[in-house]
Amino acid sequence: MCISISQVSRLRIHSFGSSCCERVHGWIKNSSSLKLLDVRASSVDGKARWIRRNVSTTTQGSRSNTKSSVLGGTVPVTRIIDEESRTKVQPFGNLQQRLAQDKDLSKLLTVIVSDLETTGLHRKNERIIEIAAQDIAGGGYSTFQTLVNPGVVPITNAHIHGIRNDMVCRPEVPRMEELIPIFLRYVESRQKPGGYVMLVAHNGKSFDFQFLINEFNRCSYEIPHNWLLLDSLPLARENMKSVEPTVKLSSSLEALADYYSLTREGDAHRALSDVLLLSKVFQKLTIDLKLSLSDLVLRCHTASDISAAMAKNKKA
């Protein structure tokens, strides 16, 4: 079941693992590119918090004229952004080790697989033009996908993903500063009470996470401190090396799909298609490598880790 946000003014996320029904609010009403997909399986919904730095920014156009649908009424996007909870989450000391030792880790951790498509490969100057994510626990509306309006930044790699300027440079396609609070709400709707999020991406440390961090910073947001970032590429390399120690096998998503005899849904190098495939591949990898949730947590990075590495590489 695919819900187009432009077709509905009210949404509820149904938890099939419990009797509760969490409200989803703040979706962009006129965005025909924004979709929630209904994958019927058990899930647990919860809450998270995020912060937006108090930095004055300006964007092209009038954001106050862009409306978002909220349960009970319609308010400007800027109001939703500015009036979200600003409760600061204090950084956790040695989060990965502390969390990995928690006996109730499965009750705290939500694993979300993600993928991005961009205008080009330069981490600083290019923009995200598509984002997709899926909670591997499944459940109602567990999958998120939208195009993103990059503004004046031209798309130079349309031959890779097939996304053209005329597809994203449209008023109904949300800009990143409008999309971030919506994406945060999606993650919040999947998060377990008082829990943490593990965001998984293939080649995430070198690509997806750097883009995401740069875009959050550009829009004066911070990646929530209770998000952990896991790159699945090292897992793939480790597994493929164990299969053929003397031969360097490809660890690309396509090669892994062939290795596991998995069928792709949709076009290659589109965010949603890659997410659906990576969700299957990731679970296969964790089984083959016999990795527990604790093992995965210890292999995660924080946004501050990746930001520090980016700053170090820039100086070098």
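Don't overthink the numbers, they just go from 1 along the chain as shown.
The backbone N, Cα and C atoms fix where each Cβ goes, and this holds for glycine too.
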Return the residue out of Asp267, Asp274, Asp288, Asp295 that Swiss-Prot annotates for the same Mg(2+) 1 site as Asp115, Glu117.
Asp274
What's the CA-CA gap between Asp115 (Mg(2+) 1 binding site) and His269 (active site, proton donor/acceptor) in angstrom, rounded?
9
For Mg(2+) 1, what surrounds Asp115, Glu117, Asp274 with a Cβ no more than 8 Å from their Cβ centroid?
Leu116, Glu130, Ile131, Ala132, His161, His269, Arg270, Ala271, Leu272, Ser273, Val275
Distance check, please: Cα of Glu117 (Mg(2+) 1 binding site) against Cα of His269 (active site, proton donor/acceptor), rounded to an integer number of angstrom.
7
What count of other C-beta atoms do you get within 10 angstroms of the C-beta of Asp115 (Mg(2+) 1 binding site), across all chains shown?
28
